[in-house]
């Protein structure tokens, strides 16, 4: 009977699909998902539509594919996605992913964004640094306590406050669409978006870090689906895909609204320094101080739930692979490191996270696509190796080019940049890894297809 159940799993109810979709939404929608779309709208101005399409590819479609990659390959986390390339690469890839979405960039951002949007505007300028110090200490202290006790606070908060937050956000949308600050189609366009709106939007989607997070959290979704009765790999992938489409579709709708509102703000404000400032301007314009205070509270709690998920995932994964250090010790390290990084400020975090994202995202994208298509070539490590090796050089060059001027404008940085622009197609668009990756794929598949024939020929020759 158990085998019969496995072969013919009972379809999920609509309510169960909504539960899985809600969980996916909660995992993906965090701090950066609010600020980057608004700022993109300001940067793109009248070209916001084309920029939105590019943004949705890396901020919506790619995260969905990352979850599917975990499902299709039956992986247990980031480590297993990179495992075809050997344990050393898999471990290095896992560490880099968790460090990026964890203590170096992603998790500190969950504290700096609610502070920048909700608290800093209420403080005198000379108390901004002290305010961030106190706020981030309380924030990560709370994240540590919730994760340490392994309580149900995060799930209950998500069920109550996330819907309230979304309700208020859609209220802002209603105000913005009914009484826009300006006509988005007539707003000025920054230089970078004059002729490459799609590709710049594509690269801006890296900042959400959701494709990387999808690799880390994908196994959580698959496990949840299993607990609901979906026990065959095929049915797991199907349910994950449907729930993922619903969750990422909702996120995509929110992105479109935020980008559009960002473009309309140019009718009243100049392009802001970052999305946190832009979001604060938007909310204050429509809701005043009372609405701003309420939204700041909800934003803090929403970001706290995201932080709890990130610190817990980091501690669990690192304890699994470095078991001499306990879960709680890894948790303490994660929270302390995130606290220290957060106090460099939001702008600094964004400026230094961009190079790492420019380096990691090409690897993440090729590994996601290879994982999804791996049944076609039996997950042959040779195919993985060719693609990743050919992707590595342009990814490194993109990382150097994205560093702040102290690195990118040095003699070394300029020399690498000149080589990159001269010899790699699409380098000016930040897409110079695409052609090498395709070349690597063709060569890898060629070896995969021809290797049995050569092996047979050697055997017959020896005979």
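Think of each number as a place in line: the chain as shown, counted from 1.
The backbone N, Cα and C atoms fix where each Cβ goes, and this holds for glycine too.
Nobody curates TrEMBL annotations by hand; they come from automatic prediction.
Distant neighbours of the transmembrane segment (17-36): 59, 63, 67, 106, 109-110, 112-114, 117, 158, 162, 204, 207-210, 213-214, 217, 220-221, 224-225, 228, 239-240, 242-244, 246-248, 250-251, 254-255, 258, 274-276, 278-279, 299, 302-303, 305-306, 309; these residues of the same chain sit at least 6 beyond its ends, with a Cβ under 8 Å from one of its Cβ atoms. Under the heading transmembrane segment, TrEMBL lists 17-36 (among others).
Among the features that TrEMBL reports, transmembrane segment is placed at 48-73 (among others). Distant neighbours of the transmembrane segment (48-73): 24, 28, 33, 36-37, 40-41, 80-81, 184, 193, 197-206, 208, 210-215, 217-219, 221-222, 233, 236-237, 240-241, 244-245, 248-249, 251-252, 255-256, 259-260, 262-263, 361, 364-365, 367-369, 371-372, 374-375, 379; these residues of the same chain sit at least 6 beyond its ends, with a Cβ under 8 Å from one of its Cβ atoms.
Among the features that TrEMBL reports, transmembrane segment is placed at 85-106 (among others). Long-range contacts of the transmembrane segment (85-106) within the same chain: residues 32, 77-79, 209, 212-213, 215-216, 310-311, 313-314, 317-318, 321, 333-334, 337-338, 341, 349, 352-353, 356-357, 360, 363-364, 367, 381, 384-385, 388, each at least 6 residues beyond the stretch ends and with a Cβ under 8 Å from a Cβ of the stretch.
The transmembrane segment feature in TrEMBL is assigned to 126-148 (among others).
The transmembrane segment annotation in TrEMBL covers 160-178 (among others). Beyond the transmembrane segment (160-178), the same-chain residues lying 6 or more positions past its ends with a Cβ under 8 Å from any Cβ of the stretch are 25-26, 29, 254, 257, 260-261, 264, 282-283, 286-287, 291, 294-295, 298-299, 301-302, 305.
Annotation comment: TrEMBL describes 211-229 (among others) as transmembrane segment.
Remote same-chain residues near the transmembrane segment (241-263) are listed as 17-18, 20-22, 24-25, 28-29, 33-34, 37-42, 44-46, 48, 51-52, 55-56, 59-61, 63-64, 67-68, 71, 166, 169, 172-173, 176-177, 180, 184, 187, 221, 225, 275, 278, 282 (criterion: CB distance under 8 Å, separation of at least six residues from the stretch ends). The transmembrane segment annotation in TrEMBL covers 241-263 (among others).
Under the heading transmembrane segment, TrEMBL lists 293-315 (among others). Long-range neighbours of the transmembrane segment (293-315) within the same chain, counting only residues 6 or more positions beyond its ends whose Cβ lies under 8 Å from a Cβ of the stretch, are 26-27, 29-31, 34, 98, 101-103, 106-107, 110-111, 113-114, 117-119, 139-140, 142-144, 146-147, 153-154, 157-158, 161-162, 164-165, 168, 213, 216-217, 283, 287, 327-328, 330-331, 334-335, 338.
Among the features that TrEMBL reports, transmembrane segment is placed at 327-346 (among others).
Tertiary neighbourhood of the transmembrane segment (352-370): same-chain residues 58, 62, 65-66, 69, 81-82, 93, 96-97, 100, 104-106, 109, 203, 206-207, 209, 211-212, 215, 383-384, 387-388, 391-392, 394-396, 398-404, 430, 433, 437, selected by CB-CB distance under 8 Å and a gap of 6+ residues from either end. Marked as transmembrane segment by TrEMBL: 352-370 (among others).
If you look up TrEMBL, you'll see 382-406 (among others) marked as transmembrane segment.
Look at TrEMBL and you will find 426-450 (among others) tagged as transmembrane segment.
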Outside the transmembrane segment (382-406), six or more residues from its ends: residues with CB under 8 Å to it: 84-85, 89, 351-352, 354-360, 362-363, 366-367, 370, 412-413, 416-417, 419-420, 424, 427, 430, 432-433, 436-437, 439-441, 443-445, 447-448, 451
